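Notes for the one structure printed next.
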């Protein structure tokens, strides 16, 4: 077994901060039981074996331990943790959780340094012993064999007892049948592997990067799990790390059976095979894990690709293993190995963060080679004529070193070496050398495999004579009580020669001469405990084994002076003035050993001011403080500066300057707008109050043309109102302030003008018409009333009450352009100043001279529909219209129409004209101008018009059907068949009430039905034909007359039974129709007769029918008859009959009211039945109409 690191002192670990958790677990029969102690990756567990030796087990590992008395050793609880008992499936566990929510494991480092005392009360199973760890930890400690040195610490710890394995409720630990069988099969496979591979469980720790172990170590804290064996409970100590810090997982998670089975598969891996073994390299090859365990195939799916981790150890089979490879390859080459070294290599399989148990260790030994390069030889002794060198043997790399080869350059320094010794000894003496001679040496080693490389070259000197006189020491830095000195080696001294130095010092006032202050090999020394500002003499002596040198030349250095003491408090010298005073002060009692170079005076304003400013710096001890403010407090202090530094400040002197009258104020300012007779002034305090508060103000006023000031206000307020002033007048004001010392000077004058009045009314302006479109307006300056006129406003317009501003400015004239000729215009002018606007002048009217007419606008063609001239023909005529232009003051006499002929056409004062005698289908360019007595106006814009071809003749119009509201007209009969193929459009017109013909129809059809006409009314119609050539002439007027209308249908009559043989029939009454009387015809049909018989005809709206028979059905209906009287004679127009009403005559039963009600209800029910019948017919008709329309839309149109 390889050497283990010695155990540290365990007393460093066991402190009172770690509480003790005792977890005894006793089985039911009280016999011995196996306890599994789980060790986390990177942690260690120290135990005592049967032979009495200690062993540290590194994680991850589970150490089975046998408890002779059925109890678990005490468990140390980290500071800030507390145990908690939880129950899971009938098993109680003790879990260590943090006491505070903000527990941070970084504050607990007590377990980093040394392991706990060993556990003597438990015997570990030999097959579960891992190699010694890097860090040794012990989560459990025996309580029975604890030595007395730990007892005081344990007395202050809290001990928590574990609970029984079975709960008090009688619940037992259970698994379902499938999980139980899988667990037993895995346990059997694990035991079989332990039987064939004795040292399987003592494998080194795997890589802690992705270890699935539930035990972690954070900042040195131990989190372990103690799982009980068969029929035992378990205790678990665990803490995790969350987002914000360390969190403790109080839940106990168990791996599912599939994960356990997969771990067993990953553990079934054979050891690697070493090949191509060299001195410093080796090739390792291995195979993936086998899916067969003891002849059985694992039920879990076998992955195609594994991850592997290779672990090697050079300290024995149970030594410390380290990870050298992590990847998916099955062979690697290890480099940087040590020659002739025994190595143990293991491989561990991994898949999806699940790791198996490492394989068995493959043992291989690297080959031997030449020795390593030795270290340079070191000098053991030197004289004037010899050097004795020694060296240490390097690593022999598996073969014993036979000879050492020592080479030197013979003191020549040319870089050429020769052998001076070869042998097995480790020292050699070189003789016959010269004093102070320098030689270079190098060393190599030789064994059976070859010679190593040479070591680094070293230079050594032989001893010489006594040292020469060194140079004088140099001052590097001086202090108040110390001096730092430095010196150098004497010239010609070998670099490796050991020389010592003696530093001697003499104080000039002591009289004792030079005394040694330092004796050693250093080249610098600081002499302390000196006096300030004092001169000291120094010299240095060098010596070696041969003797002492002569002393160096004496040098003299002076210590620094100390800072001076605090100066005396300054005092006032002479009288204190308002703006200055003089102060003086005395020097400090202690000047610090140096002359005072200067004094600095600082001053702060205010009795408690802390803002100090330097006002003086110099050697004199008095100063004049000037440029001060009257009536203010000032604090003064002084400090001094010498070569030793700056002293502290003295006590402060408080001085107050006397007050003076205040300084001048700023001129008063106007507040608000000035009024005509008063102004309001406001001012502020003076910038300088003279050191005393302002008590009052005085305001004086004088007219600007006279310098006769008079006081208008005196008081403490900062504003006043001055009244009784003249408007538009300028006044001068000045101000002064007063305090307890009197009035100060006046301020500068401030000129303020009272509010002026608006300007006076301007005189009527003068208007001069320069042309028909331009006029010049002039006006004069009115009285300004205290202010200058800034601008004038000229209003101009064609209506006296509606004028607009056409000019606004300082000028006295304005030219208005763009006027209309022969037009009356009105104008007025107004003056404005900064105060306001004066009244307008009187209104002046002017008339511009007349001119030629304006340009004719809106020249356009008149459409054929708008022309009422019967002689108009679009083929030979063109109708134009225009708007009358402005006559510009002279009446328009005529218009001149230019349409392309050599001579223009002149027409009278009209706005439309028909140009006749033109050529059909010809384009003409037409323009027009107006003429008056002054001449012709400009031509209008030109338009292009074209005459139409000759149109067809109108057809003959006739009435083919008529009613009292409709007339159906037809045309086109008798037309030649050749025209039937032409695309002729027809335009039907009818005369309205005003005697004008309006359009009724325009289209290709030959019939048209005129609707919504009045009865017995004559209407005039005319028609014209149109084709591509244009519209033909209108036909002659045709007159058609509508007949009179018949009365409307009446509602169903109402029947009321009078007695068994008489009933009364009533119906609605109609008004006379246009003066024609209306009579009624009542018909009845008895029983099953097929014809109605008239029983009444007359103007009444009711009739009593007295021929009723019992138990018979009667049907009644009525119609209205219009009696007309015209030129043809008397004529009756019979309207449609009403709805038939059924009446059944029955014998009247007493009481009479009951029978009447029965007849009434019967009549009503019959009437309602007929109405319902009509409604049903109407609904059915609407439904069929919609259905037919849908069919036509879907099958015909689409």
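The backbone N, Cα and C atoms fix where each Cβ goes, glycine too.
Small disclaimer: the values here were computed from a predicted structure and weren't measured.
When 384, 535, 749, 902 are compared in Swiss-Prot, the N6-acetyllysine annotation sits on 384. Of the residues 203, 873, Swiss-Prot records the annotation phosphoserine for 203. The Cβ of residue 384 (N6-acetyllysine) has 15 other Cβ atoms within 10 Å, all protein chains considered. In the domain 'Fibronectin type-III 8' (951-1045), the DSSP tally of helix, strand and coil residues is 3 helix, 45 strand, 47 coil. Here the domain 'Fibronectin type-III 9' (1046-1151) has a mean pLDDT of 88 out of 100. Counting residues per DSSP class in helix, strand and coil order gives 0 helix, 41 strand, 52 coil for the domain 'Fibronectin type-III 2' (373-465). Residue counts for the domain 'Fibronectin type-III 6' (761-851) by DSSP state, with H, G and I taken as helix and E and B as strand, are 0 helix, 47 strand, 44 coil.
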